[in-house]
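Visitor: Found this in TrEMBL, in case it helps:
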- 301-340: domain 'EGF-like' (DOMAIN)
- 305-315: disulfide bond (DISULFID)
- 330-339: disulfide bond (DISULFID)
- 438-456: transmembrane segment (TRANSMEM)
- 462-482: transmembrane segment (TRANSMEM)
- 498-519: transmembrane segment (TRANSMEM)
């Protein structure tokens, strides 16, 4: 549809799709149906739907011309700038009727008054400076909006302040006015700033807008009204203050002598050009505002997380289906958009108690360490000591708020804790298999390397621990079955071993796995995970096999007159000189 040019059209049973381009600085769009003639019905049975069909119905405008006064018109204030607007026409006559009409799109453009950098003003010959307002007036070329559309010859409809976009980081942008720190707000003309959030990577953060008025310039009867809108600015301050444009409901802000600051946070703003428009108003006496001018300082940012989620949260960047967005992961019972809701927060005493539970419960690993040293399982004892150390300091660093102690990087502590837990289970099951020393140590090393590789691929994957454990269990079951067949009796042979060690250890391990996989939640994490530490360490102490009974661990096989002794450990095949 060419603006101001009638488009003849015949509408059949199928809907027709029209479109009109809306350039920048368009104040109003008027859609009108003329010369409407229908067969089989009186009036003009046509329904127009203006707006993208992919958006919800509240983003569309519908005009039914059956009972509307003639001519049928639809006025759209502040339509979306610099884009095509789709118009769907549907016939209400029926499948056999036809409707003939002419569609007209009329655009009303305004005269923007642009504020540019002062050096450019001095060197430009096609701009003049308005001494009364201290603002430049545009050249005639800036007053024309496209090939068609009427230009409003009234005073300027807005004052455009150029804004510079500065990309700081991922989903982190700073918007700053060019050559100035404040916006000059007048009573009759809105002041506008355009925030370009149309890169496709800006919708994953939070748009924060902060306004602060000059205290000495604010009077008791004056009010500064601001609107934040997407796609097009709100310009109708003199007629309405609801910040509603053609298709979108904006966000209102206000400043007064009693409230000199105003803040607005828009989470996940849509990818588009956003506009901040301000105007000075005097609700009680309009004459008081004619000569008033107030300077407003603006702070405009796009941040991933508000206040970096505070002391009780962590800002995370997430990506899903090529969309990048940020969010806060709250801890210690804190909730909210930026972890500021303390309705269910834990007290400092509860936080310290939780930290003590998670850290001191690892002292249970002293039991398998002691048993391993007594039975000369020195490699297993080293693994248990490694697990106890890093699990203790990982949970000390994992706490939010005040009860925090980090001796290393958080990611390093977490990786070492997961690696130690998996290796502890791996070496315990292989030790129960009673393999030969060389084969056992080879499997110890290979299994630990595989666990380390799987943790690097997916640290929280379920098969990181389940896969090696199942493989070790198959080896243990195979060795026990072989010994049962070879000795023609159950292995282990002692019923005391089964009654007092194996069955309690297996029961503790089963309960620990059940708690870890199905009962652990964010609310009971401090208790269930501490129980998991106790059950894991206790089961390892019970399941470790006893030493060989046929030989003493360090038997001295030969003595020399020079008082040196060569001692041999038959089970470990190690030699030492004492």
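Backbone N, Cα and C define each Cβ position, glycine as well.
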Visitor: Which one of these disulfide-bonded residues, 305, 315, 330, 339, has the sparsest Cβ neighbourhood, judged by other Cβ atoms within 10 angstroms?
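Guide: With the disulfide-bonded residues 305, 315, 330, 339, fewest surrounding Cβ atoms within 10 Å: 315.
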Visitor: Take the transmembrane segment (462-482) and find every residue of the same chain, 6 or more past its ends, with a Cβ under 8 Å from one of its Cβ atoms.
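Guide: Non-local partners: 418, 421-422, 425-426, 429-430, 432-435, 443, 447, 450-451, 454-455, 491.
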Visitor: Rounded to the nearest angstrom, how far is the Cα of residue 305 (disulfide bond) from the Cα of residue 339 (disulfide bond)?
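Guide: Their Cα atoms are separated by 10 Å.
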Visitor: Given residue 315 (disulfide bond) and residue 330 (disulfide bond), what distance in Å do their CA atoms have, once rounded to a whole number?
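Guide: Between the Cα atoms of residue 315 (disulfide bond) and residue 330 (disulfide bond), the distance comes to 9 Å.
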Visitor: Measure from the CA atom of residue 305 (disulfide bond) to the CA atom of residue 330 (disulfide bond) and give the result in Å, rounded to a whole number.
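Guide: Just about 12 Å between their Cα atoms.
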Visitor: What are the helix, strand and coil residue counts for the domain 'EGF-like' (301-340) according to DSSP?
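Guide: Grouping H, G, I as helix and E, B as strand yields 4 helix, 20 strand, 16 coil.
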Visitor: Sequence-remote contacts (6 or more beyond its ends) of the transmembrane segment (438-456), Cβ cut-off under 8 Å?
Guide: 379, 415, 418-419, 422-423, 426-427, 430-431, 463-465, 467-468, 471-472, 475
